[in-house]
Number of protein chains: 2
Amino acid sequence: MFVFTKNLFTTKFSSSLLNWRFLRTMADSLVDINERITSQGNLVRSLKSQGASKEDIDKEVAKLLQLKNLKLGGSEVSGKKKDTSFTLKTPKGTKDWCDKDVVLREHIFSTVTEIFKRHGGVTLDTPVFELKEILSGKYGEDSKLIYDLKDQGGELCSLRYDLTVPFARWLAMNPKVTSIKRFHIAKVYRRDQPAMTKGRMREFYQCDFDIAGNYDPMIPDSEALKVLVEALDALEVGNYTIKLNHRKILDGIFTVCGVPDDKIRTISSAVDKLDKLPWEDVRREMVVEKGLKEEVADKIKEYVLLKGDRSLLDKLEADSLLSSNSSAVAAFNDMRLLFDYLEAFGVLDRFSFDMSLARGLDYYTGIIYEAVTEASAPKIKSSAEKKKSADPEADRSNDDSIGVGSIAAGGRYDNLVGMFAAKKNAKIPCVGISLGLERIFSILRSKIPDEDIRANDVDVFVMAFGGGKEWTGFLKERMSVCKDLWANGIKAEFLYKVKPKPRQQFDAADKFDVPFAVILGQDEFAKGSVRIKQMGLKENSDEGQLVPREEMVSVLKKLLKYD
Amino acid sequence: MFVFTKNLFTTKFSSSLLNWRFLRTMADSLVDINERITSQGNLVRSLKSQGASKEDIDKEVAKLLQLKNLKLGGSEVSGKKKDTSFTLKTPKGTKDWCDKDVVLREHIFSTVTEIFKRHGGVTLDTPVFELKEILSGKYGEDSKLIYDLKDQGGELCSLRYDLTVPFARWLAMNPKVTSIKRFHIAKVYRRDQPAMTKGRMREFYQCDFDIAGNYDPMIPDSEALKVLVEALDALEVGNYTIKLNHRKILDGIFTVCGVPDDKIRTISSAVDKLDKLPWEDVRREMVVEKGLKEEVADKIKEYVLLKGDRSLLDKLEADSLLSSNSSAVAAFNDMRLLFDYLEAFGVLDRFSFDMSLARGLDYYTGIIYEAVTEASAPKIKSSAEKKKSADPEADRSNDDSIGVGSIAAGGRYDNLVGMFAAKKNAKIPCVGISLGLERIFSILRSKIPDEDIRANDVDVFVMAFGGGKEWTGFLKERMSVCKDLWANGIKAEFLYKVKPKPRQQFDAADKFDVPFAVILGQDEFAKGSVRIKQMGLKENSDEGQLVPREEMVSVLKKLLKYD
């Protein structure tokens with residue numbers, strides 16, 4: 001390692017013309033540069049406090065600045081060196097959103113935002129990173145997927161993993177807020193193995209709507225579900241079903257079947273895989289991997305493959321074993337209310353009461369749900385096949401409705417805020433929905449023809465036609481016409497050329513399917529008129545209409561159906 | 001360090017009831033757990049490929065899972081331990097946006113978005129982090145403020161520092177895009193010393209609009225500035241001035257005054273401080289810290305304190321020294337065009353041609369600008385004081401217009417995309433504006449009375465009035481009425497109580513200044529009517545109007561001035 005003396009240091013660095021190549025060699029070995037900066041800083045402060053002469057202080061300040069420059073210069077130079085060799089890409093599992101994709105995404109955002117606001121939702125926007133300890137112990141096995149920021153001194157932080165934990169942290173930090181309907185559409189981060197084509201990303205959007213507060217049972221739950229139905233309907237995702245279950249029914253089932261208390265969550269995780277795996281695989285996981293007794297697993301099967309409409313609730317209530325479990329009985333009452341309320345909201349037919357739905361996250365305490373679509377499983381089954389798959393005994397691995405990812409999910413979580421609150425009794429019960437925006441985007445992107453999405457919103461392209469030596473290109477005139485259009489809220493563009501050709505201007509307008517052109521003809525404009533022409537028609541089939549310039553705005557507003 | 005043998009390992013971990021306290025002690029010392037997981041995984045794969053018996057495979061799979069559980073369990077346990085002791089806060093320099101703040105912020109977003117779209121702008125959304133090397137060497141001295149992600153294996157990444165470099169990276173990655181008007185409103189990250197009350201944050205919003213492409217000179221530049229004026233006008237930020245300069249004029253000034261080429265950028269940085277420091281301080285920085293000759297500094301002073309309207313351009317052109325510099329002469333032509341175009345757009349009066357504006361960032365190559373507002377410096381000066389501060393010789397440290405932060409800035413940068421492009425000649429010239437949203441927010445937040453901002457958008461609160469033993473509380477009826485309102489796009493809420501009191505319902509509605517109530521009276525509703533009452537009036541001063549339920553929606557739409 002290159003070691004340099006204080007003498008070399010002071011002589012070399014006070015020369016004002018810095019030799020960068022030399023400095024860079026040194027910079028690479030300058031592990032103690034920070035120490036030198038600190039000690040030079042101390043020297044300056046000490047001179048000042050001793051009332052040293054201005055000249056002396058300035059001299060030492062100059063040395064300090066050069067030291068700092070050296071430190072920075074070093075990293076900058078090596079940065080420049082890299083410029084010729086770096087990989088031009090976004091980080092693994094991330095993407096740029098642009099062009100028609102971003103237009104469709106904005107349509108999804110504005111559609112759901114409108115619905116959230118219609119139900120009194122307000123926005124909460126939290127930082128993209130949280131203190132590391134806020135996220136610790138909230139995500140179970142998935143904690144390993146959390147992105148940490150580098151320790152650059154100061155606090156240890158991690159990128160948010162979802163929007164729910166930051167919401168709970170905010171509620172705990174703001175004890176005056178005892179109730180809120182909040183929505184949040186933002187990116188979250190998971191260091192997962194990405195599968196870009198399947199919409200599994202490391203950076204992806206979540207879209208959450210949650211209702212927090214102490215209310216009469218199941219009323220906020222039913223409104224959250226009503227919001228979910230309205231959103232999926234408005235987005236036109238196609239046929240979908242919302243699977244519905246209650247954690248306390250599920251836990252009751254496990255208890256009466258004989259699952260030990262400390263195994264309930266892990267057995268619940270196994271059951272949750274029934275939408276991807278056949279019963280035999282799930283059973284093997286329970287018995288072989290998780291050490292459950294075979295007869296307990298077989299008893300569980302009798303319950304968890306049940307699904308249906310609200311009549312299934314009667315069947316469960318009539319079950320003598322299950323009705324002995326107080327937790328399950330409380331949940332039956334919840335479900336009865338919920339079905340009543342969903343009926344009042346006119347959305348009951350969208351739900352399937354499904355005992356196999358368990359949901360992975362630990363923090364749910366009440367109802368849980370998951371919306372699945374048929375859009376990516378279009379195969380029509382014969383009635384025999386249908387019957388087969390409705391049979392709880394059937395192997396579900398060939399069921400096409402299985403394996404389709406959920407497009408929305410959620411549930412009630414009454415204890416999460418309490419995990420953050422200073423007082424242990426400061427609980428705020430919550431229920432919420434989360435829409436899988438990227439999956440919904442994929443479904444819609446494949447359904448909507450490309451030509452139905454316009455990449456920009458421009459209504460009018462302002463053009464100049466003319467020729468000959470006298471012709472100026474009407475640049476300032478086009479600017480002035482655009483100024484008038486913009487002032488009236490009309491979206492307009494013109495070509496950034498002094499003397500543009502007609503073809504160039506039509507091409508620019510056609511690129512974004514701009515519906516109208518305002519043409520400044522050489523002679524016509526001189527006489528105070530502009531030509532308004534509808535675009536997208538066969539060339540020369542429409543000469544457009546000549547209107548006095550002062551009527552241009554009102555004619556266009558009528559054509560564009562503004563206000 | 002605790003070392004355990006393979007024998008201990010296999011016997012202890014195949015017991016199905018895990019002793020967590022014991023395991024945790026071991027887990028703390030398990031530096032090689034990943035290796036063990038890998039080798040156990042290999043064993044399982046090898047057994048499978050050899051066609052081993054199911055029992056044998058299951059046994060080894062179970063061991064593998066227990067190993068994985070051990071690894072995760074360790075971190076989870078320590079996470080839970082922390083839960084009782086963590087600090088409940090957002091990371092330093094970050095904040096939650098909520099309530100009326102977020103409503104005002106959304107108003108700012110939608111206002112500028114509408115203007116960007118009116119000019120043909122399209123959205124580009126890039127990841128919140130970039131490969132570290134993409135950001136290297138782009139920010140000069142400020143590179144030390146970049147947030148890095150922790151090295152958790154794989155790529156090294158950093159949080160974006162601005163929106164410009166990601167935009168340039170995207171352009172370089174997409175060579176088919178030769179022109180675009182893009183806007184991007186998103187958070188950026190700087191590990192700066194935060195000053196929250198002054199709006200200096202570590203996580204803050206930037207709002208950029210840029211025009212990329214090869215066009216005739218100064219046309220996109222003038223439209224970018226027109227967009228800036230429209231945005232600041234629409235936001236009603238109060239009186240503002242946009243300082244304007246050209247890097248090539250400034251560089252010409254430095255050259256003709258005798259600044260050595262390799263000192264031009266650093267002297268330019270010193271000049272940029274003239275809005276915060278008096279000339280004497282800037283001169284000292286140039287001479288003492290940066291080693292500029294005294295006579296060169298004094299010559300610079302004659303130029304950089306000049307400011308005025310477009311007539312200043314004539315003065316500069318008439319300067320025999322400056323007009324000998326070809327770079328400056330080229331820039332004069334640019335400025336002449338720009339002033340013409342700004343006049344055509346009707347915004348010339350908003351600009352001040354100001355030789356002291358230099359801008360910190362290295363990458364600007366043409367015009368540069370910065371908008372400053374008087375909103376936070378309301379002191380009115382006497383005409384004598386005004387004259388004094390207009391005098392270029394005057395000490396500017398007491399000038400109240402100095403020290404007000406800029407609310408927007410930008411410039412032309414023709415070489416940034418080329419820094420990323422594979423072919424060195426693949427340049428895409430760009431010009432852009434960046435609005436300082438947080439500063440604009442602070443100005444507006446202090447100007448707009450709190451009561452003028454509604455925290456949510458709800459138009460109607462649906463209530464039930466009644467009493468006695470027979471009264472049900474009309475919960476399902478309120479749900480059904482809300483359902484009809486929502487279906488018609490009317491924003492509505494109801495209280496989540498089975499039997500709410502009138503006072504509770506009025507309080508809930510008043511909390512968000514909901515303008516109308518729909519009241520389901522016990523007898524009236526039974527007869528098919530609802531009462532529509534305007535809120536915010538003196539109690540009992542308005543009984544509202546009784547309307548048949550089927551007319552409720554149309555009456556409300558009229559009252560709310562929907563469509």
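Using N, Cα and C of the backbone, Cβ positions are placed for all residues, glycine too.
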_Quick check on the record annotations: which of B:THR90, B:THR126 is tagged phosphothreonine by Swiss-Prot?_
B:THR90
*Over the domain 'WHEP-TRS' (B:29-85), what does the predicted model average in pLDDT?*
58
*Per DSSP, B:THR90 (phosphothreonine) is which: helix, strand or coil?*
coil
_I'd like the Cβ neighbour count for B:THR90 (phosphothreonine), meaning other Cβ atoms within 10 Å of its Cβ, all protein chains included._
20
